[in-house]
Amino acid sequence: MLQSLAGSSCVRLVEQHRSAWCFALLVLGYLLYLVFGAVVFSSVELPYEDLLRQELGKLKQRFLEEHTCLSEQQLEQFLMRVLEASNYGVSVLSNASGNWNWDFTSSLFFASTVLSTTGYGHTVPLSDGGKAFCIIYSVIGIPFTLLFLTAVVQRIIVYVTRRPVLYFHIRWGFSKQVVAIIHAMVLGFITVSCFFLIPAAIFSVLEDNWNFLESFYFCFISLSTIGLGDYVPGEGYNQKFRELYKIGITCYLLMGLIAMLVVLETFCELHELKKFRKLFYVKKDKEEDQVHIMEHDQLSFSSISDQAASMKDDQKANEPFVNSQSPTSNDSSLNN
């Protein structure tokens, strides 16, 4: 008896605070996912880092043995200066001296990566004025970009997602949820093909040192706005049509970002995902819901009464003109 009462009370407690328990599980799952990623990255990349450190140490030691006139301190100072310049996008290599990082097309590409929060990091402002302008430009430009993307996606999704789903639902009588799921899968496949697979094949041809996996990696890192900056197109030596290439990449990034947002919005409108998201949200109080309902009812009642009054006025205005008689004249005619 006591065990059954305790079990029912526990079930009742869990049901009352279901959203809180789901949110706690969500936080725990996210932390475990972070730890899982750290373990995998560490186990995969740490051996390669160790081999690279050993190789660089051997090269440095061999260089000092071959050039006895140069001390280790002088070599390290030179390397520190070279690496510092490389972090700003300036290379000391002779085959890279022909590419400027701040011509118009490169600056346009940089502005697009800043406003889209991709931020490859291969080119950064050098001067204090450039850094100050970058802060002001980003503070204004990033919200402006979000507004622009939201407006574009809101218009596109009407023609790409909502109308096709309604068409198949109304015209052919299919279930709206089934049609929405199939449509989301087809739209996702088309987006992956047009903005990941095909561009990856193109980049693997245009970029000398990129294979298909590296090109696909660049497309994903860019369109997901991660922007690690380890792969940046158009930075190779003697790149043909570099200005036009940079403008094309800028257009690709903007169009790909819009396509990604359209796909995400399409999946977010699925009924199943909406139900799943509600598990982790805080439920509104009943009093707040009642207040919202009463306000909605009052607004709807007032709007209905206003519409009725306006309809009456319209009917009176549209009625044909009739020779109306005054009440006094009617009474006199009756008396006669």
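The backbone N, Cα and C atoms fix where each Cβ goes, and this holds for glycine too.
The compositional bias 'Polar residues' feature in TrEMBL is assigned to 321-336. Residues or ranges marked as domain 'Potassium channel' by TrEMBL: 94-156, 192-268. The feature N-linked glycosylation site is assigned by TrEMBL to N95. For 306-336, the entry in TrEMBL reads region 'Disordered'. The transmembrane segment annotation in TrEMBL covers 21-44, 135-157, 178-203, 215-232, 244-264.
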Averaged pLDDT, computed only over the residues in the domain 'Potassium channel' (192-268): 90
Helix, strand and coil totals (DSSP H, G, I; E, B; other) for the domain 'Potassium channel' (94-156): 44 helix, 0 strand, 19 coil
Structural state census, the domain 'Potassium channel' (192-268) (DSSP three-state): 54 helix, 0 strand, 23 coil
